[in-house]
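What follows is a short report on a single structure.
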Amino acid sequence: MNEDVYMLGIETSCDETAAAVVKNGREALSNVVASQMESHRRFGGVVPEIASRHHVEQITLVIEEAMQQAGVSFADLDAVAVTAGPGLVGALLVGVNAAKALAFAHGLPLIGVHHIAGHIYANQLVTEMKFPLLALVVSGGHTELVFMKEHGNFVVIGETRDDAAGEAYDKVARALGLPYPGGPHIDRLAHEGEPVMDLPRAWLEEGSYDFSFSGLKSAVLNALHNAKQRGEEIDPRQMAASFQASVIDVLVTKTAQAAKEYGVRQVLLAGGVAANRGLRAALQEKMKELPDVELVIPPLSLCTDNAAMIAVAGTVLYQQGKRADLALNANPSLPLV
Amino acid sequence: MKVLGIDTSNMPLGIALVDGDVVKGEFITNVKKDHSSRAMPAIELLLRRCDVAPKDLDLIVVAKGPGSYTGVRIGVTIAKTLAWSLGIPIAGVSSLEVLAANGRYFPGVIVPLFDARRGQIYTGLYRYEGGALRCLEEDRIVAADEWARWLSKQEEDVLFIGADAPLYRDLFRSHLGERVHVAPPSLALPRPSELVMLGKQKERENAHLFVPNYLRLAEAEVKWLAKQKGEQNDGDQCSISANDHS
């Protein structure tokens with residue numbers, strides 16, 4: 001690549017309206033995120049219709065802000081990349097149609113990006129990606145182990161069979177009476193308690209890299225329920241610590257196993273749950289067993305949903321000659337291929 | 001002045017290009033397919049056939065609802081993004097007003113309607129006066145039988161317009177008898193060229209601040225508000241008006 005590539009990224013798959021400009025797939029010139037968390041808090045979770053309404057209100061403002069911060073005009077852009085899925089369909093549609101309108105109005109190539117590919121490629125804003133690599137993607141909607149032998153080549157070697165890890169966090173948090181979103185609260189409480197309770201770990205069948213968190217979630221809810229019936233009180237700190245220990249044990253053990261089996265050079269952490277201190281620390285500790293494998297954990301602002309990661313993944317696809325046309329649609333269950 | 005009109009607020013997809021007083025082209029389909037994958041290709045096709053580039057446009061007019069929430073959002077998102085990024089103004093027109101425009105030359109009052117499910121309709125009351133369309137009763141979501149009872153109190157002939165109007169023919173007949181007229185299929189779809197003509201008369205709006213007129217709150221919000229009120233009123237029942245006649 002001799003010429004610089006300026007990519008506008010747009011992301012509206014859930015409750016963040018986001019736009020960013022990334023240069024050469026490595027440098028975020030801007031990364032604007034308008035969060036709707038306050039608006040959804042009163043409902044205890046993201047309400048799809050309300051998320052979609054907020055996206056329409058915010059979309060052009062956020063894109064303009066991203067372009068102004070980056071100091072670029074439409075004439076400077078090489079292409080527009082947008083999250084095409086997976087996610088909430090009504091929310092995705094706003095970003096997809098805004099991106100198509102921009103591409104058409106300014107004669108720019110259009111690139112459809114997979115949300116998880118974006119999360120993985122957020123790491124390219126931190127360091128060079130070295131293949132083959134393994135990405136552990138953990139968020140409110142996803143828990144996946146993705147093997148990449150080269151750019152743009154994704155093989156999902158493990159995924160959750162029921163709840164995503166972040167989902168289990170939110171449900172357990174609610175049962176403990178913690179405010180939405182619950183993940184950070186559990187992480188905080190877990191550090192004040194000890195994992196003294198024996199909670200299940202779903203290893204599944206031998207050699208499987210899949211995950212399952214619904215049994216763990218049920219065990220927590222049952223324990224809380226039974227204690228209440230007996231008039232006993234469970235220390236939420238002990239429960240948070242025990243729950244978190246169980247989740248992290250499975251995530252970290254399977255990640256290390258897969259890293260070994262697939263002979264990867266790098267392990268990347270991606271997704272909103274990557275902000276979890278317990279997970280970061282445990283993964284760092286475990287990966288000491290594999291000194292030849294580099295562990296990359298991006299900063300928090302690149303772990304949660306953002307558009308810079310979409311622009312990075314879009315740049316890779318752009319350089320591979322991949323293009324979407326104006327019939328590009330949102331696909332809430334878009335497969336990662 | 002070149003004006004692009006976009007209507008994806010209900011099942012029909014309508015795109016029009018008007019240059020000055022000349023309707024250059026219209027694209028209308030009435031099929032149950034998603035607007036998201038079809039609206040932009042339709043816009044591109046129409047402009048290309050009319051030899052107009054996006055940068056030649058002077059104004060974007062969009063049907064801002066009521067209708068399918070998702071449908072309205074697709075049209076409004078495209079319209080406001082085009083307007084903002086091309087540096088041109090945007091104007092919005094009620095989706096019901098566009099439909100009412102098909103009643104030109106009808107000597108009574110005009111009732112456009114879209115089915116809103118569960119016996120409810122999006123509707124309003126309009127009349128042509130001196131060649132201009134006037135709104136007599138603002139757009140609303142209302143139970144069809146309640147609307148029929150209300151309409152039966154006034155004495156003029158009524159023209160019902162909309163692809164969903166035949167569904168309610170018998171109901172309206174039972175209240176209004178022979179004063180009921182239902183527009184034929186060729187007049188039952190909103191015309192995007194009428195959208196543009198109406199939009200040219202409307203106030204120009206800031207694209208950044210432009211939002212759909214959903215006519216009702218999201219269901220979760222209605223429930224949340226009801227719960228808040230319920231707690232305040234100590235359990236008293238109350239109704240929530242979600243109408244936002246902007």
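Numbering starts at 1 and runs along the chain as displayed.
Cβ from N, Cα, C; glycine included.
Under the three-state DSSP scheme, A:His115 (Fe cation binding site) falls in the helix class. Annotation for A:His115 (Fe cation binding site): spatial neighbours A:Glu11, A:Ser13, A:Thr83, A:Gly85, A:Pro86, A:Gly87, A:Asp305, A:Ile310, A:Leu334, criterion Cβ-Cβ under 8 Å with sequence separation of six or more. The Fe cation binding site annotation in TrEMBL covers A:His115, A:His119, A:Asp305.
Within the same chain, residues at least six positions away from A:Ser139 (substrate binding site) with a Cβ under 8 Å of its Cβ are A:His119, A:Ala164, A:Ala165, A:Gly166, A:Gly271, A:Gly272, A:Val273, A:Asp305. Taken from TrEMBL, the feature substrate binding site applies to A:Val137, A:Val138, A:Ser139, A:Gly140, A:Gly141, A:Asp170, A:Gly183, A:Asp187, A:Asn276.
In sequence order, A:Gly140, A:Gly166, A:Tyr169, A:Asp170, A:Ala173, A:Gly272, A:Val273, A:Ala275, A:Asn276 are the residues near A:Gly183 (substrate binding site), counting only same-chain partners six or more apart with C-beta under 8 A. Highest Cβ count within 10 Å among the binding-site residues A:His119, A:Val137, A:Gly141, A:Asn276, A:Asp305: A:His119. Taking the mean position of the Cβ atoms of A:His115, A:His119, A:Asp305 as the Fe cation site, the remaining residues of that chain whose Cβ falls within 8 Å of it are A:Glu11, A:Ser13, A:Thr83, A:Ile116, A:Gly118, A:Ser139, A:His142, A:Gly271, A:Asn306, A:Met309, A:Ile310. DSSP assigns A:Gly183 (substrate binding site) to a helix in the three-state reduction.
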